[in-house]
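Peer 1: Dumping the structure here so I can ask a few things about it.
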Amino acid sequence: MSDTTLNVSLASQGYPEPAELFANLGTAPLVEHAVRNGEGLLCVDGPLVVETGKHTGRSAKDKFIVRDAETENTVWWGKTNVAMSPEHFAALKADFIKALGEKDRLYVADLFGGSQPEHRVKVRVINELAWHNLFIRTLLVRPTTDELASFVPEYTIIDLPSFRADPARHGSRSETVIAVNFTEKLILIGGTAYAGEMKKSVFGILNYLLPVKGVMPMHCSANVGPDGKTAVFFGLSGTGKTTLSADASRTLIGDDEHGWSDTAVFNFEGGCYAKMIRLSAEAEPEIFATTKRFGTVLENVVIDPVTRTIDLDDNSLAENSRGSYPIDFIPNASEENLGPVPANLIFLTADAYGVLPPIARLTPDQAMYHFLSGYTARVAGTEIGVTEPEATFSTCFGAPFMPRHPSVYGNLLKERIAKGGVKCWLVNTGWSGGKATQEGIKRMPIKATRALLNAALDGSLNSATFTKDPNFGFEVPVEVPGVDTKLLDPRGAWADGEEYDKTAQELVRKFVDNFQQFADHVDQSVRDAAPVAA
């Protein structure tokens, strides 16, 4: 049985077809299937609420790329991009096909990765779970009926949470596996129900393909101001990419993954994937409103099985609870999913050391340095006695998703900054006045962050007086209307200036040590943009 006809059948791809094949279903039927299959519950306000089991985040250590003639010299092999042999992949593929043949029911979605037609990739996703199919249909770009009629997939993703990998037979690390084969244009995901693996797999495809075409792929959010100028926000998880780009006064291009071509910044996706934990209507009204919409999928959000009400503050299932929803659920979302090339780049960091200023102006060389560094810091689990902040460097603000050498992306970025005269800013959404682990130290007020951002984006900050930071070398504004002056001086915000100096130098050394891996791949001017160790 099939609800809709595929232009290219599964059989023609060499995959078995189940008794029930549901292709390119819409939101309502997929929600019905998910509920009927026992995959989730409908919330009182409309969203579908699901649990992902033991995997509530990405399984970064279980991801592999097949090492062959195509990838041998094009992939940056190491801790992030781990090799799988073609032989192991062949065994894995054979077992995936066998597992597909044992399914009574499958869901297929033909979708685009990328909103700019000349730079998008055609992706087919095959799922055993209806809610997974709904998720990826929400997150990627949905073809029109006419486009589906002639759709020929370039890449295929098969996602089977029930599959269990065998490390001895498949070369995996555990029963969970995400295996990417750029030669066969096939991605196999097994042993995890975390839906984000699918979206990040498509991101990885585009991050591999687009630099060859001179297009800069970015792990970022992006929006456009009333003046028609685009801002791009880079940042690791938890730094505020989604929150700060969902601004009612600006048009949202997207919240997570974009390309920068000669003519546009374009969203890779057609949906958003936002953190839900402790979400509030006051702090994030646009995102909060999506938790009351039919079509939203809430992952690992606690729901009362009787009243069907949800508790966004309850982290008993996961700290990384998520919500996926179509981008048009956000007011002022761009209808085309794209905008002009950027006027401003924002590097977001949540500095748990409390030494970075709330905003700093960067030169193009400093921008490339901080892009390649990809710094943020988190507070490690204090429940096990760890009381110091933990520095995290994820190159390009998205190391797990960048198959090529970071310098490929860094040089592309530097070229585009120079070509467009783009203004670059570092924004600290983390802590001020001390380390995050110290009692009474609070995060930067979001109102202050927004005020500083607005001043940067509307151009008024350019006329401010700046002072050079002695540790990091970038320029920090002395005064900004509507922002407490004490906040702008990170050293002055500390009760003990000497303790600040010591902590700042501690962070400087971490930057310097981390950047050694890139030193031979960048110009001297970028090396000179490094923070200064005393």
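Start at 1 and count along the chain as shown; that gives each residue its number.
Note: Cβ is positioned from N, Cα and C throughout, glycine not excepted.
A quick note: this is a predicted structure, and the numbers were derived from the prediction, not measured.
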Peer 1: Which of these, ASP166, ASP247, ASP255, ASP256, does Swiss-Prot say binds Mn(2+) at the same site as LYS200, HIS219?
Peer 2: ASP256
Peer 1: Work out how many Å separate TYR194 (substrate binding site) and SER237 (ATP binding site) at their Cα atoms, rounded off.
Peer 2: 16
Peer 1: Three states by DSSP: which one describes ARG58 (substrate binding site)?
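Peer 2: For ARG58 (substrate binding site) - judged by DSSP and reduced to three states - the answer is coil.
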Peer 1: With an 8 Å cut-off on Cβ distance to the ARG58, TYR194, LYS200, ARG322 Cβ center, who else from the chain surrounds the substrate site?
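Peer 2: Along the chain, the qualifying residues are GLY57, ALA195, GLY196, GLU197, LYS199, TYR273, ASN320.
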Peer 1: For GLY235 (ATP binding site) and ARG322 (substrate binding site), what Cα-Cα distance in Å is obtained after rounding to a whole number?
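Peer 2: It is 17 Å, counting Cα to Cα.
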Peer 1: Report the same-chain neighbours of LYS200 (substrate binding site): residues 6+ apart in sequence with Cβ closer than 8 Å to its Cβ, ordered by sequence.
Peer 2: ARG58, PRO400, PHE401
